[in-house]
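Novice: Not my notes, these are from TrEMBL:
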- B:11-106: domain 'Pseudouridine synthase I TruA alpha/beta' (DOMAIN)
- B:54: active site, nucleophile (ACT_SITE)
- B:112: substrate binding site (BINDING)
- B:145-247: domain 'Pseudouridine synthase I TruA alpha/beta' (DOMAIN)
């Protein structure tokens with residue numbers, strides 16, 4: 001009997017050309033399908049993820065599903081996958097789900113986080129995991145601006161011009177920023193995100209923190225529906241796909 | 001006039017075959033001398049460090065010195081070096097010192113730390129910086145055993161058999177272990193350390209934590225003056241050269 005498995009995984013994006021398979025490139029999907037193929041003695045197994053992540057972007061809770069004829073308990077699936085995966089991918093959980101579960105189409109909410117270090121000194125140990133931004137920052141202005149994103153908006157201004165998606169309306173449920181010592185962390189939850197959307201939001205918020213833009217400028221930037229109105233795209237290596245929520249959670 | 005510069009640097013050991021120059025290999029010393037050579041328009045500049053670190057071992061406070069005819073302020077030295085060094089080495093400080101300072105011969109104390117994660121889940125983000133040891137551990141036994149290392153001892157049992165040093169007597173001033181959540185950190189300060197000494201001490205302490213040895217066994221292991229009496233060598237990637245102390249500090 002065919003079983004559908006839901007799989008939660010974490011990966012360090014530094015060594016990957018993103019999630020999705022591309023010819024000749026090292027991607028997360030390639031490594032997962034390679035591990036599954038070994039477990040299935042050479043048979044190809046296709047996986048579907050909640051969405052792509054770009055080169056350098058990390059995941060703490062990426063979700064994917066696949067189908068298998070193998071009858072293996074959930075904990076043994078986790079062990080087998082981790083034994084066959086490289087050390088920069090780790091399967092946190094494998095769950096048996098109903099055959100109509102779909103990792104991409106059933107997403108209800110997604111949470112991303114973005115990590116920034118304001119420390120003067122560069123930290124060699126997290127150089128690929130945190131955006132080093134050693135500049136003074138007006139945290140109150142950033143917090144005020146965060147509030148202006150909440151709700152349903154057309155996010156054309158906060159989306160890479162390269163995108164092909166037509167409907168650019170998304171709902172942001174929460175956008176918070178927390179400063180612990182010199183570490184700044186953005187947390188954003190929404191019903192879906194456009195290409196580069198979190199990185200452009202963070203880039204714009206950092207410009208507001210620098211005083212180059214004002215918190216209230218968010219209103220006119222959203223209104224403009226023009227990528228040129230927003231700030232720069234923050235680099236990929238500070239971004240984490242943190243959690244994907246489905247109806248059953 | 002020739003100036004002697006003292007330099008404190010941090011590096012992520014994951015990408016290096018250790019500190020010391022070896023033919024055709026990527027080492028920290030090679031990268032530092034390459035950066036200095038560029039700053040000196042091609043002239044070779046030799047550096048002397050407080051000591052070597054092995055492949056995979058990290059540094060938070062490695063110290064080295066070099067001589068230069070260039071007349072550059074300390075902060076500008078730091079900037080120039082960091083501009084020419086790869087991203088896994090970072091110069092924290094450059095100080096002008098007297099011509100008789102020697103980074104190796106003048107060492108008074110050294111501090112090493114060793115990081116262990118007891119978490120069940122593997123963390124992909126610090127896989128090269130923390131030793132993943134997901135086993136139950138008797139912390140009180142480990143703490144008791146730590147105390148038995150304090151003082152002056154012959155550390156032949158805690159030294160790689162490959163070493164060529166004859167005098168194996170060293171003083172340990174302190175050896176502490178701290179548990180924060182599931183992260184265990186050993187801190188050890190001594191007047192000097194033999195080859196693999198910290199890693200063999202930590203490996204032995206972890207075996208005591210597992211109940212495979214008793215805290216009081218440390219006495220007989222020291223007494224034995226035999227590498228075979230101690231526990232296994234803990235892996236390189238949990239170890240950090242944390243701080244080097246000189247008389248003037």
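Backbone N, Cα and C define each Cβ position, glycine as well.
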Novice: I want to verify one value. Collapsing DSSP to three states, which class is residue B:112 (substrate binding site)?
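Specialist: The three-state answer is strand.
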Novice: Could you tell me which of these recorded positions, B:54, B:112, has the greatest number of Cβ atoms within 10 Å of its own Cβ?
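Specialist: For the recorded positions B:54, B:112, the Cβ with the most other Cβ atoms within 10 Å is B:112.
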Novice: Looking only at the domain 'Pseudouridine synthase I TruA alpha/beta' (B:145-247), how are its residues distributed among DSSP helix, strand and coil?
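Specialist: For the domain 'Pseudouridine synthase I TruA alpha/beta' (B:145-247), the helix, strand and coil counts are 33 helix, 32 strand, 38 coil.
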Novice: Using DSSP, what's the helix, strand and coil tally for the domain 'Pseudouridine synthase I TruA alpha/beta' (B:11-106)?
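Specialist: Final tally across the stretch: 26 helix, 23 strand, 47 coil.
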Novice: If one measures from the C-alpha of the residue listed as 'substrate binding site' to the C-alpha of residue B:54 (active site, nucleophile), what distance in angstrom results, rounded to a whole number?
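Specialist: It is 13 Å, counting Cα to Cα.
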